[in-house]
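Here the structure comes first, spelled out in structure tokens, and everything after it is commentary.
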Amino acid sequence: MPHPIISEFDIIFAGGGTTACVVAGRLAAWDPSLSILILEGGQHTLDQAAHVQPYRYTSHQAPTSTTMTFNVGNPSPRLNGRAPIVPCAHCIGGGSSVNAMFYTRAPASDFDDWGTEGWESKNLLPLMKKLETYEVQPDRPTHGYSGPIKVSSGGYKLGVSEEFIHVGTTYHKRQHVEDTDDLETCNTYSPWAKYIDGTTGRRSDAAHHYVYNQAHNANLQIWVGKRVKRVIFQDKRAVGVEFTSDLVSCPDAGQSSSIVRASKLVVISAGAFGSPAILERSGIGAETILKRCNIEQLVNLPGVGENYRDHNGVFVPYFAADEAITMDPLWLGKENVVQENLAQWKVDGKSLIAQNGSDAKIKWRPDDDELKAMGSAFQPRWKEFFQDRPDKAVAIFALCAGTAGLRLRILPPRNYMVACCFTLYPVSAGSLHIKLDENGQEGIDFETGYLDDPTDIVPLNFGYKRMREILRRMPSYRGEVPAGHPHFPTGSAAVCGETIGPVDLNAPDLIYTAEDDEAIDRYHRSRMQTTWHSLGTCAMKPRADQGVIDSRLNVYGVTNLKVADMSIAPKNVGTNTYSTALLIGEKAAMMIADDLGIECRPCSELSWKSPRSRL
């Protein structure tokens, strides 16, 4: 039975995440006559409190959340047999609508290392500046001051973050600078800016700032609750997509398929998980993968779904002083605290509502003593990759004022701090592909690759020790939450527990035995998790090197089909990936406009007008 063809557009976006919003919004502003359709499996985020009030980002990680898809990886012996869970966004705006809003940018050399024509840092810097309004400091040469995305310090200054920086610059003996996101500076302590509008106190996301503010343009349409099944081809030319209702966001909908046609272009923008799956369901991928799913191969492209990358994160809880200001009361939903902060936020955009809990970080590189303490296993990786690249950090160390998620539900209600460590360039890579279960239902065969390379765990193990030394010197420190730390042997000097206060800045470091080190290693294999930075599965590389798209985002072997999202990154980037997703969107918009002969005029209409009332 033929599928009904319900409409035709010039351009169809299969997925409505960060990059899709950027590209669609730019193109619609440049040429309002262009008919554009965004198909998104999730729901709208327009003016919804859970998306625009920054402090509520933690709610999207709840197991019952419908704004995220929880992808389950295969069990791994390197993770003590665990099956890791890796969420990705499932709503308009994608990660920009649900992430923690950390403003971080990759070093310029990351883009140069991609080795892709047109994507060198010197060509990308104008776009990095174009997309942002940097409200933190004036007149910074690598920052922009008139773009749609607002960057600020948030609506409340957290004292515990100032403690973190003070201990970092005294005990840890690193410098302090205001801006470590200038594309080159690292290994210094700094404030951590946020994707929060400094005037309104709202999240600064791609949905509101690129597409929702163009509701006047009837040619830009967004259909939510629609899951793209596959791309439709005629003689290897993409001419449309087939879609069904999404069962997560539309559980009562039927599963009949429809087809919508694209006269000019189809852009797959479904993220590191969704984009390779759409390609494989469309017959583009490795023969063995397609054959086991009973899909006829259209193009042999074995790189589809390979090269999966992420950052490795560990989040370790500590007790904080009763008098410390943390996010815990808000995240616990204490009504009086929430209402008090909401009242102020509605007036001036300030208060803890406009906070994500983290005001300080260091893009950390080990010094000689730290390298020695890390042992011989990491030395080859250091010399091969980091030693002569002084702009590349090994990890980000940061402090979060409060604990969220599962920990918050099982720990006694009080104040907490969390030591955050995530490594930026793990060696390990994974893969993800579609598969059919015994009932013929589609699932994913997902190998995260986490900690497969033995060098990847070394910075985590050292990071635990260094961060513990920093926190135990902070005035707000009141000990370690034992259930959230390694289980050290009885009698060890490293045994964790509650204390009455910090140690002196000049106190000696804890001494860890070989047994203690084994406990830390086991802990990380049991606790290390995603940082929600999945990328690389439709890599922009030469076809012979398992590439999926060329430098202009065209899928190899077909025409009128591009991919634009974090899946295209051929190598990892040393940053929270929202900044890179925005950048890819701006670059993709320029390329598509060039392909279609559209003039890329200034987009003053993309400047978001702050609403008179805040949710």
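Backbone N, Cα and C define each Cβ position, glycine as well.
Unlike curated records, TrEMBL annotations are generated automatically.
With a cut-off of 8 Å between CB atoms and residues at least 6 apart in sequence, the same chain places ARG309, ASP310, HIS311, MET566, ASN576, THR577 near HIS533 (FAD binding site), listed in sequence order. Per TrEMBL, FAD binding site is recorded for THR18, THR19, VAL228, TRP532, HIS533.
Taking Cβ pairs closer than 8 Å, the domain 'Glucose-methanol-choline oxidoreductase N-terminal' (271-285) reaches residues 14-15, 17, 41, 69, 71, 88-89, 94-95, 228-231, 233, 293, 295-299, 301-302, 304-305, 308, 432-434, 444, 534-538, 548, 555, 557-558, 563, 565-567 in its own chain, all 6 or more past its ends. According to TrEMBL, the feature domain 'Glucose-methanol-choline oxidoreductase N-terminal' maps to 271-285.
For THR19 (FAD binding site), other Cβ atoms within 10 Å of its Cβ number 34. Other Cβ atoms within 10 Å of the Cβ of VAL228 (FAD binding site) number 28 in total over all chains.
Within the same chain, residues at least 6 positions away in sequence whose Cβ sits under 8 Å from that of TRP532 (FAD binding site) are VAL86, PRO87, CYS88, GLY95, ASN99. Residue pairs drawn from THR18, THR19, VAL228, TRP532, HIS533, the listed FAD binders, are separated by up to 22 Å at the Cα level.
Cβ environment of THR18 (FAD binding site): GLY93, GLY94, GLY95, SER96, ASP205, ALA206, ASP565, TYR578, ALA581, LEU582, GLY585 lie under 8 Å away, each six or more residues apart in the same chain.
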